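Remarks on the structure that follows.
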């Protein structure tokens, strides 16, 4: 019986340790999912800001095009007035009339071209508005997913605490149920005087069956229910979620490279390097930027997982690195083409390899 109880105690301790390891692994995976969601959300926020800026640029272009159209229409009215005056002058103003007719023709062409330009800008503006609405919806969804993941982690943490308390209580009950070993009592023979011989008296012998047997009390082994091992969760669901986030991160990295290519292949606004010895720094990163031209800079560095504050020059940027990207090389792109705070983006280099 003692061996059985001891074996149960060992199994209970192993079960407690096994559950603790599984729960810690589950929480680690779920925290990494949260960091990935936060990273995706940060990239979506950056993309949203780009689209807002692009929309603002097209609105300014539209306003400029409308002003140009108004000027062209006023010029057309002036040319038409000159033509009317020249026509009223008869043959004496034949040359002026011919020049006025040419002026009216050119003014009409200018008005027509400006109308077409406005139509193109309005079409682009509609596309930017749709893209902006889509980006806002994606960001809202990501923030909702982050809130759900945070709630899930809190629930798993509470469940782990409750389960640990239950296992500790079961272990305590198991230990209390183990009977203490009884001390061995040594029997000593008492010294008695030598027996005095008496006349033999025949006593009746009782049958063996007539002697009542003293029943020994039965000791039953304590029945202790073993706690069930903790479930490791839906591994396939987590794998699918991680795969989807990886694919989304890959698409975002491709978008950043496409944006960089377009910036470098576009009109060269400035080939001069504005910043020299430009570096990106954090608690674990210190890397120098390479100037690519047209206000674009690039750096690479190994990173550590977690939420970080990056500093470039006098500007600060918050960035999230998933725990599973620990030790991976990240690409940092720095765009100083716009007024105000420059744009910093980052992605895992292996996503595009």
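Cβ coordinates are placed from backbone N, Cα and C, and glycine is handled just like the others.
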Query raised in the report: Looking at 48-89, 90-131, which one does TrEMBL call coiled coil?
Result: 48-89
**Report entry** Model confidence over the coiled coil (48-89) (mean pLDDT, whole number)
**Finding:** 94
